[in-house]
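Novice: Below, the features straight out of Swiss-Prot:
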- 29-51: transmembrane segment (TRANSMEM)
- 98-120: transmembrane segment (TRANSMEM)
- 130-152: transmembrane segment (TRANSMEM)
- 165-187: transmembrane segment (TRANSMEM)
- 202-224: transmembrane segment (TRANSMEM)
- 254-276: transmembrane segment (TRANSMEM)
- 305-327: transmembrane segment (TRANSMEM)
- 340-362: transmembrane segment (TRANSMEM)
Amino acid sequence: MTSGIDLQNSFLQSLQGFGLPPGLAKLFWIPLPSILMIIGATVGVLVVVWLERKISAAAQQRIGPEYAGPLGVLQPVADGIKLVFKEDVVPAKADPWLFTLGPVLVVLPVFLSYLIVPFGQNLVITDINVGIFLWIALSSIAPIGLLMSGYASNNKYSLLGGLRAAAQSISYEIPLSLAVLAIVMMSNSLSTIDIVDQQSGYGILGWNIWRQPVGFLIFWIAALAECERLPFDLPEAEEELVAGYQTEYAGMKFALFYLGSYVNLVLSALVFSVLYLGGWDFPIPLENVANWLGVAPTTSWLQVLMAALGITMTVLKSYFLIFIAILLRWTVPRVRIDQLLNLGWKFLLPVALANLLITAALKLTFPMAFGG
């Protein structure tokens, strides 16, 4: 039973029902996925920023944002508006072109990665057969922007922050990719839709987190390092580097770094839920739910309900992971740069390689359980 509806065809048929010719209806559809992607990612970031401020305040026995809207929900909007109207300062001896291009290279690849994130069986902007490979490729572009920003600022703290960001990304990109390869090996596909389909049918018992417990931990640690979350926020360690590669930035360029960081955090949580937590899959098999309700699985209202439940489950799983990441910020102390690199190269990399080899052996030995 499919967990979704065909958004594109439904939208085109609705427009044609209003009398629009097919060509004009397709013209309306073309920019819609990009607009939805940008709006959805931005709203997700605003929610995460508010959650982080409230959860951080609760961890420190404070109230947190309170006056900007009910419970302070409009505080991220107020902060964003403030940064938009602040003066854009470029240091006198900085390279203006690289200084401007750096933040763009940080944000743009992360937004493009949302193209392959599925919220339901057909609720995905672009279902390409190399979706996960595209995400890994795009995620490797952002460190270039960070290094470029640090170098172009003509500031020693910015340069050190940029170098740390590049070293950190390279160190953890490889274990993360190896953990993803183990999932790809089990699902026999690089498509995010196929990876979720491979986990469906058995509810929570079919999720990859049970077959890949080591890969799940490797991916989570590497994802936190890629997002530069504590305890891996060395590129912008305020006690050592003022603000790292962000030191010389102000106004909207400064806001782009924070936007990129939080958008990347939401993206990592979404990809994590797709790879290990069944994506839009419900903890109870939806076939069983249909049987309990006494309706056919192909009933139209049940299909719409499944699509809504799929979106809800994907978002809930992702925000649960974000909640854990926020708690870790106030629980675990920052590591040193040598500890960071040792963890990536001397521990996570060999463990990820061993996990990949063990997954290959289990796939050959138990093909039914491991996607043979």
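Note: Cβ is positioned from N, Cα and C throughout, glycine not excepted.
Keep in mind it's a predicted model, so treat the numbers as computed, not measured.
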Novice: Report the listed stretch (29-51, 202-224, 254-276, 340-362) having the maximum count of Cβ pairs within less than 8 Å of the transmembrane segment (130-152).
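Specialist: The stretch with the most contacts is 254-276.
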Novice: Are there residues at least 6 beyond the ends of the transmembrane segment (305-327) whose Cβ is under 8 Å from a Cβ of it, and what are they?
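Specialist: Answer is 1-5, 47-48, 51-52, 55-56, 59, 118-121, 123, 220, 224, 227, 229, 265-266, 269-270, 272-274, 277-282, 286.
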Novice: Out of 29-51, 165-187, 254-276, 340-362, what stretch is closest in contact terms to the transmembrane segment (98-120), meaning most Cβ pairs under 8 angstroms?
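Specialist: It is 254-276, which has the most Cβ pairs under 8 Å.
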Novice: Taking a Cβ cut-off under 8 Å, which residues six or more beyond the ends of the transmembrane segment (29-51) line up next to it in the same chain?
Specialist: 8, 11-12, 65, 72-73, 75-77, 79-80, 111, 114-115, 125-126, 259, 262-263, 265-267, 319, 322-323, 326
